[in-house]
Amino acid sequence: MIWLEENMIKITFCFFKVIFILLLIVFSSAMLSIVERRLLAVFQNRYGPNRVGWMGSLQLCADMIKILFKEDWIPPFSRKFIFVLSPVIAFTSLLCVIPIIPFTSHFVIIDLNIGILFFLMMASLSVYAILFAGWSSNNKYALLGAMRACVQTLSYEVFLGLSLMGVVAQSGSFKISDIVNSQKYIWNVFPQFFGFLTFLIAGLAVCHRHPFDQPESEQELADGYHIEYSGMKFGLFFIGEYISIITVSSLIVTLFFGGWLGPWIPGCIWFILKIIFFIFLFILIRAALPRPRYDQVLLFGWKFCLPLTLFNLFLTAFLILV
């Protein structure tokens, strides 16, 4: 009790930091959906959303009103508790990774000693949301999407973890702030280029983004695992995808591109600019690449990404020993 009284100010400040960052990320994810639609329209030589507000600036408000007033329907043939739980897991799993990411040298909410392992754990947890959603919907298309997600996870989870082991070996720590500080003289993307490449590919798969959106491919599975969802439950899945994009982009920046480190301008501005670049890259990949066949995705993971990751790990170990 004495310890609680002495540290009440620190606890209160930390609590408000968590609330502020999480609300900022959720709002940014909602705005990102509009930004993506506008950018895709530019890439495809069309207008995009431009009717609500000036140049479509109020489209987000219109979308929120539409989702909030839609019928929140639960199919009578579904397993109701798991059906309701699935979008909550999808929304919170990668959102919980945000507090362990250092925004500057002085602004980090929770500086975990096992930050990398915590991210891998939460990335694995996000797959359960898809599995539960597909199974509890009692719909064949949803179940096929969930099965695709599970099998796809078996291929990318392996090289997702191994791609980070080279960074961990080079910095000598699982703590994300230590990894950023180890990049004062050279970013990890140069000695760990193969690790960065495979982590970027695995990050696309974690977010279920093009070209790894097999669990929800509209042309084949009619929206896949969330075919039975509507209203706010569908909104949680929708926003959860954009939260995962921001989370993975933040991790790429901190692990391979020096985080807040950079010349001339403040560190927080560097951090935000780097994140914006990778978010733009994710959108560009969606606009440019087609969706491959399901078996091609699995073969690509096992025959290209995994050997490349192992080669990067052995090369890193050799350079450290030499």
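Cβ atoms here come from the backbone N, Cα and C positions, even for glycine.
Features of the protein shown, as given by Swiss-Prot:
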TRANSMEM  15-35  transmembrane segment
TRANSMEM  50-69  transmembrane segment
TRANSMEM  81-101  transmembrane segment
TRANSMEM  114-134  transmembrane segment
TRANSMEM  149-169  transmembrane segment
TRANSMEM  186-206  transmembrane segment
TRANSMEM  237-257  transmembrane segment
TRANSMEM  265-285  transmembrane segment
TRANSMEM  302-322  transmembrane segment
(request) Give me the stretch from 15-35, 50-69, 149-169, 265-285 with the greatest number of Cβ pairs under 8 Å to the transmembrane segment (237-257). (result) 15-35
(message) If we skip the immediate neighbours and take only residues 6+ beyond the ends of the transmembrane segment (15-35), which ones have a Cβ under 8 Å from one of its Cβ atoms?
(response) 49, 56, 59-60, 63-64, 95, 98-99, 107, 109, 238-239, 242-243, 245-246, 279, 283
(message) Take the C-beta pairs under 8 A between the transmembrane segment (186-206) and each of 114-134, 265-285, 302-322. Which stretch has the highest count?
(response) 302-322
(request) Using a Cβ-Cβ cut-off of under 8 Å, list the residues of the same chain that are 6+ residues beyond the ends of the transmembrane segment (81-101) and lie near it. (result) 18, 21-22, 25-26, 74-75, 108-112, 115, 118-119, 122-123, 125-126, 128-130, 132-133, 135-137, 176, 206, 226, 228-229, 233-234, 236-237, 239-240, 243-244, 246-248, 250-251, 254
